[in-house]
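Only one structure is covered here, and it is reproduced in the block below.
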């Protein structure tokens, strides 16, 4: 089974600190590497994390404030240098096309890879293919900003005792999957009679935003919500004026969305530690963590 985990490559907001780099988040899942909001220095963070940049297959830019995209150009250059053979899909708000181009072509280099751009100008399903369904929602920030939801397909799980009792085996099993029913010894057996559906996991990624219904809709029942929490509640006036959230507000969104796990990130440089973020959010949503650089949050597939 391929690795399933979210690795924090950076978790600072506008300014990096001695202990926190600009934000960047790598989701390795179903044989792909999804990189979210690569800030300045992301390429170097891969080295410290002991992860090859070549695992990246898709890059998501929530918006074009520098701390969410300054690492895009250097990451694309690195992937060119490594001559990756797979295409690199890039998703970003369509209104930021000129900034994407500026970052991509900001220096002279030899382009060897195939970059497939997905400028997003609508909410809803962006792509739906074998490994994932990608959805976007418009968040409430100062500029066009997208939140993301990545969902794997549902899978059909057979119940061995019922398969045996129905006398199913061999090629007829594939027929049952394809047609939804088969005839065995003059009896019609439906797929639902001998199986159940395991819902695919979802992960929601919410960058800069005020609290809004879009976050709740995006994160509904997600396995993990990675959510900005730039400030503590004592600085809620700053959160409001800069269109960000506090740890408490992020926890409220997670509770409303009924997610399984909340990971806070995008911390203001004014805070030296993140313990208070966990304490503040934990009063509302207990299963909460503060992102730490190079920490990985694994989510193995539920066998049931």
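Residue 1 is the first one shown; counting continues down the chain.
Using N, Cα and C of the backbone, Cβ positions are placed for all residues, glycine too.
Pulled from Swiss-Prot:
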type     : residues         : note
BINDING  : 63, 65, 141, 208 : Zn(2+) 1 binding site
ACT_SITE : 67               : active site, proton acceptor
BINDING  : 67, 68, 208, 266 : Zn(2+) 2 binding site
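Between the CA atoms of residue 65 (Zn(2+) 1 binding site) and residue 266 (Zn(2+) 2 binding site) there is a gap of 13 Å, rounded to the nearest whole number.
DSSP assigns residue 67 (active site, proton acceptor) to a helix in the three-state reduction. For the recorded Zn(2+) 2 site, residues 67, 68, 208, 266 set the reference point as the centre of their Cβ atoms, and the other residues of that chain within 8 Å of it by Cβ are 13, 14, 23, 37, 39, 62, 63, 65, 207, 228. Across the structure, residue 141 (Zn(2+) 1 binding site) and residue 68 (Zn(2+) 2 binding site) place their CA atoms 13 angstrom apart. Residue environment of residue 68 (Zn(2+) 2 binding site) contains 26 other Cβ atoms, counted within 10 Å of its Cβ in all protein chains. Rounded to a whole number, the distance between the Cα atoms of residue 266 (Zn(2+) 2 binding site) and residue 63 (Zn(2+) 1 binding site) is 14 Å. Working note on the binding-site residues 63, 65, 141, 266: by count of other C-beta atoms within 10 Å of each C-beta, 266 ranks first. Comparing the recorded positions 67, 208 on other C-beta atoms within 10 angstroms of each C-beta gives the minimum for 67.
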